[in-house]
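> Sharing a structure here in structure tokens format.
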Amino acid sequence: MGKSSKDKRDLYYRKAKEQGYRARSAFKLLQLDEQFRFLDNVTRVVDLCAAPGSWSQVLSRRLFEEDPENCDQKRIVAVDLQPMFPIDHVTTIQADITHPKTLSKIMDLFEGEKADFVCSDGAPDVTGLHDLDEYVQQQLILSALQLTTCLLREGGVFVAKIFRGRDIDMLYSQLGYLFERVVCAKPRSSRGTSLESFVVCLGYKPPTNWEPRLDVNMSVEDFFRGCDIGRLTIKDELPAYHEEPRSVAEFISCGGLGSFDSDATYHDVPLNSIALDPVQPPTNPPYKRALELKRKGKLTRAAQ
Ligand code: SAM
């Protein structure tokens, strides 16, 4: 397979390199914003699970380069478990979003002000055990949501990657209690063959008298206590039938039909050069140690 064949098979991968983005995911945020315009007039932004940083690059270009007014008031904070190479106008924190100390680190950087926009493109390492993977992904979304409820101003926007699994309706219901409008959006740059989608939650509006609290040990039930999300209880007598309130998220496909299809191979798009190097090599790849050992001639094959 030629060095440029991935560029042809995945036009977004190619375009990301041409436009200086560290990952093709940049186009997912760009296409979501094209649809919802949630990055217009935002000042304080949090990018959770941000490495290698293509979403932060989009945010930096949008907030600082395309709209250079009031730059001294603008702030972008990016958080990831992995170290990130610096990005102009972005403060990076290497931390776990499920750890309560991460919240106070972000709050310190915002000096008591709330954020206008929080996004999370988080994905845990997959094990291949589907139930476990789905559970860990759900927990990551919940952590992002818990952080968001403590950081976001009323009326603010939250965008998060989800995988449309069996229990996704429950998440839509929970989000529906906290936001005025919840949309499940699939950008054209997200492969149609993947269950990946994004929840776009517009107009943060927590119930009155509901105080968000961040505690890793708190169950989902406890976190949403007071949000009046209907639940079933076991009683000796059957209660009168009562239909539970239920939120069904709208589904929107965004990116426009004119944009590239991420599942198609393009042979007729002229490529500027044969192959482009990655914009940013990984900071700490798992194969780094193997390469070091190989260089020193210490890499041996495991006995068969
Ligand atoms: N949006 C990024 C971009 O455009 O470059 C790509 C994000 S990548 C798909 C998912 C990231 O989630 C990984 O970098 C991973 O380290 C991060 N992640 C997973 N679990 C995390 C956690 N508990 N805390 C912080 N980051 C986490």
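For all residues, glycine too, the Cβ spot is worked out from N, Cα and C.
Note: TrEMBL annotation is automatic and uncurated.
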> Kindly point out which candidate in ASP10, ASP72, ASP80 is recorded by TrEMBL as part of the S-adenosyl-L-methionine site with GLY53, TRP55, ASP96, ASP121.
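So, going by the record in TrEMBL, that would be ASP80.
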> If I take the alpha carbons of ASP96 (S-adenosyl-L-methionine binding site) and LYS161 (active site, proton acceptor), what is the distance between them in whole Å?
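With the alpha carbons as reference points, the distance is 17 Å.
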> In whole Å, how far is LYS161 (active site, proton acceptor) from GLY53 (S-adenosyl-L-methionine binding site) when you measure between their Cα atoms?
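Counting only the Cα atoms, the answer is 15 Å.
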> Neighbour count, 10 Å Cβ-Cβ cut-off, for GLY53 (S-adenosyl-L-methionine binding site): what number do you get?
28
> Tell me which of the binding-site residues TRP55, ASP80, ASP121 ends up closest to LYS161 (active site, proton acceptor) in space, Cα to Cα.
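Given the candidates TRP55, ASP80, ASP121, the nearest one is ASP121.
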